[in-house]
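Here is the structure we will look at.
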Amino acid sequence: MTLWINGDWITGQGASRVKRNPVSGEVLWQGNDADAAQVEQACRAARAAFPRWARLSFAERHAVVERFAALLESNKAELTAIIARETGKPRWEAATEVTAMINKIAISIKAYHVRTGEQRSEMPDGAASLRHRPHGVLAVFGPYNFPGHLPNGHIVPALLAGNTIIFKPSELTPWSGEAVMRLWQQAGLPPGVLNLVQGGRETGQALSALEDLDGLLFTGSANTGYQLHRQLSGQPEKILALEMGGNNPLIIDEVADIDAAVHLTIQSAFVTAGQRCTCARRLLLKSGAQGDAFLARLVAVSQRLTPGNWDDEPQPFIGGLISEQAAQQVVTAWQQLEAMGGRPLLAPRLLQAGTSLLTPGIIEMTGVAGVPDEEVFGPLLRVWRYDTFDEAIRMANNTRFGLSCGLVSPEREKFDQLLLEARAGIVNWNKPLTGAASTAPFGGIGASGNHRPSAWYAADYCAWPMASLESDSLTLPATLNPGLDFSDEVVR
């Protein structure tokens, strides 16, 4: 029984599904998808639970969320192993994900009060108040790269605001989704407040098509995000928050410490086996001898990266990709770039057939025309050389995406120019592209999102503002507008 609907674990009535470890092939999870009727059932449960949950005081909702945080802490080792085994990422990285889940709760509580709490301004004849109210029933679509942390970034602020939720994890990480749901169950979340439906495309389409849905919060690919945007077009009454991918540029302009710059680049391009939406996909490198030396060192260090299993000792920097198919897609993308005229610098290698263990790839595309403006979700870095910084910024902005952008340079003036001209929601200076602060908004523009950033700003799309003018008594104004006569004279 792998669906959680209205406080009960039930068996899915849709297609059967098996999840295996992408490296070892070990069976980790088996179950059935939710069919359309069960998705409807989950929506009815969420709708029925909404009035009571929304009417609880914030302190009461907060208490449930804090119990969930305590359970994350006490079950950290177990949840770390589940995420690592299911995604293929090393244990050390899965542990950082669970830590991020715990930290996100305190940040979400603070953001609730700062961004969507209550404010009151006294006026001579009363007060002006600002309150926030929950939307109602929200669908949350989770991604596979951070199956705990990223859905958590939607679910926690949505619950704090008083919404009820239907959560669909990625079909590639059903075990992680179920494990997190069981912790919410232990935390004492009332029936119907959070419902879990497993499944792939058909389940997702049934969920997004629900008429009685008040909104949808999505993290995933641009292609799916565009489909959801089209599906919900003409429905302005529904809140839609899309957090999508990127074709992110990293500009290497001047390098004082080559190894430090190489380390930053590897952290930007290859951490999580390149499966972060903020990963550097395009390396823009200044022409010249210094750039040549940097590139040679980058290739030399990158070719030492050997992906391994989640529990290997010593721990590898990267593990496998989410699936063998995902790894093959990266290899295919590399082959297409090479066929277009790209200059191979480091060829990606699938270490073992039937696994997702893929080494990084680096290819130079300077002067090659028609390179697709697409996100390759894996450890593949394309390199372009440039002559002037103005040219580098033009190249950085030459994409339909706009998630992250970075600059390596000792010159503050160049960063200031980039801040003015970059088309990206995250712009970093001498920091990895994959670094982001939860106390700041997380999101992009263009094909990277619909201007609904998450993290610190997630509270914004989880509640709507209600403005009020208030007075505890009613008196006739001492001064009336022209044309108003409240005298006792009788009009004849």
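Including glycine, each Cβ sits where the backbone N, Cα and C put it.
Note that this is a predicted model, so its numbers are computed, not measured.
If you look up Swiss-Prot, you'll see GLY220, SER221, ALA222, ASN223, THR224, GLY225 marked as NAD(+) binding site, on the strength of similarity to another entry. Same-chain residues at least 6 positions away in sequence with a Cβ under 8 Å from that of GLY225 (NAD(+) binding site) are, in sequence order, PHE218, LEU242, GLU243, MET244, GLY449, ASN450.
The annotation active site is assigned in Swiss-Prot to GLU243 (among others) on the grounds of similarity to another entry. Mapped onto three states, the DSSP output places GLU243 (active site) in strand.
The active site feature in Swiss-Prot is assigned to CYS277 (among others). Secondary structure at CYS277 (active site), taken from DSSP and collapsed to helix, strand or coil, is coil. Here CYS277 (active site) comes close to ASN145, THR219, GLU243, MET244, GLY245, GLY246, GLU375, LEU403, SER448: these same-chain residues lie at least six apart in sequence, with C-beta atoms under 8 angstroms from its C-beta.
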Cβ neighbour count (within 10 Å, all chains shown) around SER221 (NAD(+) binding site): 15
All-chain count of other Cβ atoms within 10 Å of ASN223 (NAD(+) binding site): 12
CB-centroid shell, 8 A cutoff, NAD(+) site GLY220, SER221, ALA222, ASN223, THR224, GLY225, site residues removed: PHE218, TYR226, GLN227, LEU228, MET244, GLY245
Cβ packing number for GLY220 (NAD(+) binding site), 10 Å threshold: 21
Local Cβ density at ALA222 (NAD(+) binding site) - other Cβ atoms counted within 10 Å: 22
Sparsest Cβ surroundings (other CB atoms within 10 Å) among the recorded positions THR224, GLU243: THR224
DSSP three-state assignment (helix, strand or coil) for THR224 (NAD(+) binding site): helix
